[in-house]
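Data block below; observations after.
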């Protein structure tokens, strides 16, 4: 049996569909015949149901995965307030410990063929006074998929994030264009520019373009992703 695959999903910003795309990837991996699990190691914003604190993003990932992980393994750090994690963690007396997340990820790899790890916010969101989400990606040692929210300003955001990923010594395994603004002018031209630059500078393929959906439908979006190409990219990045 081949070693399990894993990928760290980050975004050009917050609220650009990172969870939506992660869920679509999980559906795609499952259709590809893989046992797919999800980690949302840090989640900010919780609600209580039946005496249990939950997070909407984590719920979406659970619904898409075909391997269920215990909540404490899937999300070791669940913060109640929906705000920047380092601020909320300090207020709630929580230390966001990377070693704990790495241990959870290691355990998840024993239960699935592929583990999708969704970051929090963009690529450099502070987690404490000295570490950010880029440090988390480095600690996990994973290739990265970048979700680009296609809206005004996305070209610079995409290229800057790709530079930051490279500076941390990580592989950009691919990127996804998620059309968050249906009224955006020159959307095709923006996507083409990002595609050409990331292919030339990072050899990072465009994994898929996801049309604007209302409501969001990750299972339908999975058909817009080239999962076979992503699997090959993840396998290549591992060697």
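Going from the start of the chain as shown, residues are counted 1 onward.
Every residue gets a Cβ built from N, Cα and C, even glycine.
What Swiss-Prot records for the Mg(2+) site is 19, 118, and among 50, 57, 59 the residue it adds there is 57. Comparing residue 118 (Mg(2+) binding site) with residue 40 (active site), their Cα atoms are 5 Å apart once rounded. For residue 40 (active site), the nearest neighbour among the binding-site residues 15, 19, 119, 121, judged by Cα separation, is 119.
DSSP classifies residue 19 (ATP binding site) as helix under the three-state reduction. Counting every protein chain shown, the number of other Cβ atoms lying within 10 Å of the Cβ of residue 57 (ATP binding site) is 21.
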